[in-house]
């Protein structure tokens, strides 16, 4: 209890620091001269800062000596001490709880013993965390003589700023009786007096039952103590409990105190010469460069050994002859012994042999009758190949003693020895798959990948037969070009759905395309054996004049086609055009990005299946003397001199600058039907008759990166968007599949392909034909579709 009281006293001193500089003040009082407190008791006067100023520098050694001897101090020192008595909260009138003043302590003799205390030392120790006051009070409590003398003439430490407003006297109901026996107040209703002289009434104590209930209900009951001097219950903190335990164990109250500090032998340790050398300049560069002189010596030794000038001694030759060739374990790890290699779980070469499989329920010697094979099953087992049939058939025996020896025991052991001897061992990492959903790649949700076309917005009706091909203008997307089996070429206004112009041609239109050159505004169409070039009439006057000049024939033309004027004019309703007549029916067209070259594909043309035409020179040429396979589609690379030729089984990539085959993309099992290039030029979409759409990454491999099979019928067309990460495929099942295809600039990141929308219900399947073509709007996330039901539909976001 003394220790806990000391801890609490130190904590109170630490919480309420004095407001004036502390000075050493020592007085001696005896229990006989102390009268019980009452209304007439002398109360401490208010703090006077000038008192501490007067007592600065006074020596209190005499007072300390007088207190120890039990005599009074000299008069002059007593006067000084009387002035110090009113100095402030550090005076004797505030009781032992504040670390100042003097009182009585029960000693071994049974009566009150004189107590001598230095207020400055105790309070200064309290400001350092309470450890000094707690230690001194504890030492005083355990002294055999029972007396307490803690005046070590230590230098006082300056307290807080005198101008501070904080003071311990402001604490209400503060007990100022001092460290006197509480038995004096045993029969009184009060315990001490406050700073105003009023009695401090005792608090109502709890009975035993209430104390027992509080101890069971509260977790803080075991570390709650009763302070009899202030008549209150105090809960000790964890730090204070640790301090009490350390004091009881005879240790320092605080862990920060190190009784065995490291001794520094500055300039006396002989090792200091190594740490602090006399010369500490940086190492020269020559220390880090191989020595040339050592290299010359090594070269001389090597030359002498090669020429036989340096020979081994007879003793060395005899030792090598006796040792023989070095022997080592072939399958052991380098640098490891046999035991270490056997114990190494992650060895480089050693892998323990797999254990034999334990017998299961199928090897039971007396299985149920329904598990025994019939005669037909036995005959089938005997006729089957030994590698495909089970090792043994179930048999029934009356007891385990009747089971004969296993006939294939030696054979199986021999095969196991062969496996251990010849077959390499491989560690297979087992996949920790908790659920099948972990095998499915985590794709983003479609609503997070918007915008993409979702809703049918407009229908363009006017064709009298199936629409074979469509193409929006590549600049503004204001106009849409379409060609159908009814022999008409129509130009539509996208926003209104009005047919702005119609050309009636000689036969069915199989393909349409715009010239990419913005200053011409030409349209092209494949009609039978001809490729027709017509002015669109949608541009300004300068574009119309440039188109008329481009369509003027300057020469007879040469190469694989015959350039004529007036052919389309005879079958057109307005305007003059230009036609390139070929030998075989044309099925598709492809323009170069600059708008001067375009290629036509005639699948039945054999050696003239692919013809490249130049508009500025009116020339046509056949780039291939021999085609390996039937050509289906062609395309120009948007930025590089590459030419893509899709046959029924492969996609060949030719370098036009080197006139050589650059790459060959391998197809699947189906016949290729459509082709599309990514605007970046590094990715290719190919549709085939096996209902698949293959995505090729030219920088990754010649095999498909992804094979998408979402259609129930062969795809007829594929298309990329020019500005949005979208691509689509149209098939004969009447649906259009829209995908999110993000291509990253980082070559180490694979493209992200996510199906986002299925556009269905717009087209009707007619004669096993559904959607014939699809094309994206050049600037908006819209898509145009053309079907065999003579409809052209626009889907918007």
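Just so you know, glycine gets a Cβ as well, placed from its N, Cα and C.
Which of 120-148, 149-177 counts as region 'Disordered' depends on Swiss-Prot, and there it is 149-177. When Cβ distances are compared across the two stretches, the repeat 'WD 7' (766-797) makes no contact with the repeat 'WD 3' (581-623), since fewer than 3 pairs at least 6 residues apart fall below 8 angstroms.
Under 8 Å from some Cβ of the repeat 'WD 4' (626-664) lie the Cβ atoms of residues 588, 590-593, 597, 599, 601, 603, 606-607, 609-610, 671-677, 679-681, 684, 686, 696, 698, 702, all in the same chain and six or more residues away from its ends. For the repeat 'WD 7' (766-797), the predicted model reports an average pLDDT of 91.
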